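Okay, so here's the structure we're looking at.
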Amino acid sequence: MTPLLTLILVVLMGLPLAQALDCHVCAYNGDNCFNPMRCPAMVAYCMTTRTYYTPTRMKVSKSCVPRCFETVYDGYSKHASTTSCCQYDLCNGAGLATPATLALAPILLATLWGLL
């Protein structure tokens, strides 16, 4: 083997192989859900969506997605919703950060006001 070919093979062997992302995938009426799964190869993000029907009733959905569109509130439905994405194994296991929940307080109050 030529020295150049040997060098190329050594460099290629040192490169990390692309691995599928592991995400929690579930839908749960409550605070959180955990169900680790291996995502398809073309998936780049783990996504968590929380839909608030009332301040005390929500649905949590977690999935593998190829693209991410993070939202705080879509503005068209009567339910408040948050979506967050991340890009490392099982990163969507924890709940959304407290500041995001606090940011939803005015939306939740407006939703409640509209229901009355």
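Placement of Cβ uses the backbone N, Cα and C atoms for every residue, glycine included.
Residues or ranges marked as signal peptide in Swiss-Prot: 1-20.
For the domain 'UPAR/Ly6' (21-105), the model gives a mean pLDDT of 83. Sequence annotations record features per position, and here Swiss-Prot assigns domain 'UPAR/Ly6' to 21-105 based on sequence analysis.
For Cys23-Cys46 (among others), the entry in Swiss-Prot reads disulfide bond, with the evidence type similarity to another entry. Cys46 (disulfide bond) has a Cβ environment of 27 other Cβ atoms inside 10 Å.
Look at Cys26 (disulfide bond): DSSP puts it in a strand. There are 17 other CB atoms within 10 A of the CB of Cys26 (disulfide bond), with all protein chains counted. As annotated by Swiss-Prot, disulfide bond applies to Cys26-Cys33 (among others), with the evidence given as similarity to another entry.
DSSP assigns Cys64 (disulfide bond) to a strand. Packing around Cys64 (disulfide bond) is summarised by its Cβ count: 21 other Cβ atoms lie within 10 angstroms of its Cβ, all protein chains included. According to Swiss-Prot, the disulfide bond annotation covers Cys39-Cys64 (among others), on the basis of similarity to another entry.
Residues annotated as disulfide bond in Swiss-Prot: Cys68-Cys85 (among others). Counting Cβ atoms from all protein chains shown, Cys68 (disulfide bond) has 15 others lying within 10 Å of its own Cβ.
Under the three-state DSSP scheme, Cys86 (disulfide bond) falls in the strand class. For Cys86-Cys91 (among others), the entry in Swiss-Prot reads disulfide bond.
The GPI-anchor amidated asparagine annotation in Swiss-Prot covers Asn92. Around the Cβ of Asn92 (GPI-anchor amidated asparagine), a 10 Å sphere holds 29 further Cβ atoms from the protein chains shown.
Of all the recorded positions given, namely Cys33, Cys46, Cys86, Asn92, those whose Cα is no farther than the 10 Å limit from the Cα of Cys68 (disulfide bond) are Cys46, Cys86. Cys39 (disulfide bond) sits 7 Å from Cys23 (disulfide bond), taking the C-alpha atoms as the reference points.
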